[in-house]
Amino acid sequence: MAAPVVAADSPVIENMPETAGGATENSAEAQKRPQFGTRFLTDPRQVFQHNAWDNVEWSAEQEEAALKKVQENSQPLPAEKQEEFDNRANEYWNDFYTIHENRFFKDRHWLFTEFPELAPQQKHLRGAEEKESLEHMLNGEDISLNPTHDEFPGASASYRILEVGCGVGNTVFPILKTNNDPGLFVYCCDFSSTAVDLVKSNPEYDPSRCHAFVHDMSDESGEYPMPDHSLDVIVLIFVLSALHPEKMQKSINRLGRLLKPGGVLLLRDYGRYDMAQLRFKKGRCLSENFYVRGDGTRVYFFTQDELHDLFSSAGLEKLQNLVDRRLQVNRGKQLTMYRVWVQCKYRKVLAPT
């Protein structure tokens, strides 16, 4: 099925990558999807043979046209309007999930291909020798691989995953479905209390394996239910872009403290000059590369360097930082659509260098 063509101001445009290729996929097809970067368009005449093509390089003319389009809509809204969108951000997301409930996004089975760290074949239990080696590498820092804080959800787990911005569970439930490891525990949080209520009301929600909670990752005073240095993986899928740019660094710093030494942060988000950015009309710009959608939710479009600076400043080292330039095709209408996403893996440094 080809990717839909919808109005530029619709949140569907911004959220089309929920299947990573833009086309709707059933679960079996999604799990078989090859990793990004394996389907290349070598003959432009064959563009309509598939729904999507990987690593499509832009011409200088395309880059120039994209920059011009962004500059045309670069006049920011008045400060009082920006403050309103910031103060009412949770209301807009609650309204979004009240309207759409669990019908808007597809389950993200493609994540197991792009991020094998989430796949069930991963070995989550550290051997005694590896644990001893990691503790030695901490050079005497007051950090334990098994935090001895008061009891917390998932305290007995051997492998802990946190998804920030979980929505209605389109990442969490595929993880729980496919991973029967008794040592696995998944945390998930969202800014929207409506979204978290929908997660908890899902028949597949199991409090013995999962803990859902409301949390604003940009709130410095907000508490997480797990202690620092307790998480193996943190997942950020199209969520960091919803924050005000000035709040991003402190939010990542806080998440970094939750990771165990050697733990990883996985991100996929909107890239600079993505089709969604170029389709914004005048009167939607909040600040440079930061916009408000018609429903009041906000979105930022990143470069690789911006994300690298955010993560490295939080003490994380790069494992992967790539641009996914995807040419999506609507074969029925003979249309081409250029998507740009950034995908990152960053690891918490084991010891000071």
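Using N, Cα and C of the backbone, Cβ positions are placed for all residues, glycine too.
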Which of these, ILE234, ILE237, does Swiss-Prot list as part of the S-adenosyl-L-methionine site with TRP93, TYR97, GLY165, ASP190, ASP216?
ILE237
Name the residue range among 1-37, 297-333 that Swiss-Prot annotates as region 'Disordered'.
1-37
Have a look at the binding-site residues (TRP93, TYR97, ASP190, ASP216) and report the one with the fewest Cβ neighbours inside 10 Å.
ASP216
Note down the number of other Cβ atoms within 10 Å of the Cβ of GLY165 (S-adenosyl-L-methionine binding site), including every protein chain shown.
23
